[in-house]
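These come from TrEMBL:
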DOMAIN    3-104  domain 'Plastocyanin-like'
DOMAIN    117-271  domain 'Plastocyanin-like'
DOMAIN    356-422  domain 'Plastocyanin-like'
């Protein structure tokens with residue numbers, strides 16, 4: 001089945017941004033689509049360059065046939081990120097690529113330099129195009145279950161002849177026995193949490209989105225939408241066969257779980273045969289969110305490792321912070337507002353204004369936005385509004401996320417880093 005995707009420079013996924021701390025990054029984007037587009041740099045902090053963030057409300061969308069040059073500096077976030085189109089549901093069609101921010105030579109890393117670097121994009125896939133998905137939501141209809149899971153934009157290896165048809169192009173990862181590789185794994189999907197695992201290989205977690213973690217081994221890890229993790233994987237197994245690399249859906253019905261399984265192949269250079277047998281086991285209970293929550297809680301910041309600066313990570317005494325603002329943000333199931341299916345926080349579904357917020361603030365344009373976003377749920381009918389949080393400049397904000405929906409929810413604080421305290 002042929003599908004149209006959003007490619008970048010003829011590639012799907014798009015080309016990587018491989019940069020080093022303190023570099024100035026200049027990216028010229030020419031929009032060859034037939035509708036406006038924006039790219040955002042997921043997790044990269046914009047320090048004094050908020051207008052380069054690439055989301056509606058901060059930037060005007062790039063009109064069809066136009067180009068826009070992004071220019072920003074990557075600072076002290078050594079690690080793994082990705083870029084993607086932030087305009088409505090374009091990410092469902094692609095347009096994403098990796099961002100690797102390397103350390104300068106004077107900044108040590110808390111593990112041996114790996115023998116190779118491998119980036120994997122895992123994500124759900126809908127056979128319907130992004131415009132059709134958008135029309136469904138605008139018509140008040142849920143998207144429903146995806147049609148598959150891709151790894152680096154490719155379908156599953158035929159691990160089971162009754163479940164996977166022949167002839168599907170799949171991802172093959174070539175490695176050398178005895179070597180250690182850094183795997184940077186990004187969930188670039190629309191709505192599906194995925195469990196990632198490599199048959200008979202341990203995943204040594206070392207970094208997530210610019211922060212080094214306490215190093216611990218996992219046999220599998222739940223990676224939620226928008227998250228990026230970095231593992232060290234040693235090729236220490238017998239090369240009698242290839243090995244499965246699996247990304248399978250979590251918290252979905254038994255009727256669709258088989259089709260929502262992406263499978264790639266790990267190929268040792270001296271491998272003597274194809275991968276065979278059953279896939280490595282996922283977590284025992286497909287619906288067990290407590291497993292996923294406890295796994296996430298097991299991930300700790302490495303406070304003895306140096307970041308891309310003289311002081312070690314975590315050396316700031318967060319217990320001494322005076323909190324200036326507290327917000328309880330409650331998410332609920334999508335709700336109908338004027339016939340369209342919308343997600344909300346504190347009963348408000350944000351709508352981007354025609355004038356970006358940054359410009360409206362700079363030039364004191366009235367009526368573009370309201371500084372009235374409530375600091376707690378108001379128990380009222382949902383509405384669409386350009387209502388924004390009125391934060392305290394140079395203050396410290398405590399945000400409490402309350403998920404009243406029935407699915408796992410990912411939250412992203414665009415342009416900032418935040419620290420989980422409870």
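Any Cβ shown, glycine's included, is placed from N, Cα and C.
Across the domain 'Plastocyanin-like' (3-104), the DSSP tally of helix, strand and coil residues reads 7 helix, 43 strand, 52 coil. Sorting the domain 'Plastocyanin-like' (356-422) by DSSP state (H, G, I as helix; E, B as strand; all else coil) yields 6 helix, 12 strand, 49 coil. In the predicted structure, the domain 'Plastocyanin-like' (356-422) carries a mean pLDDT of 89.
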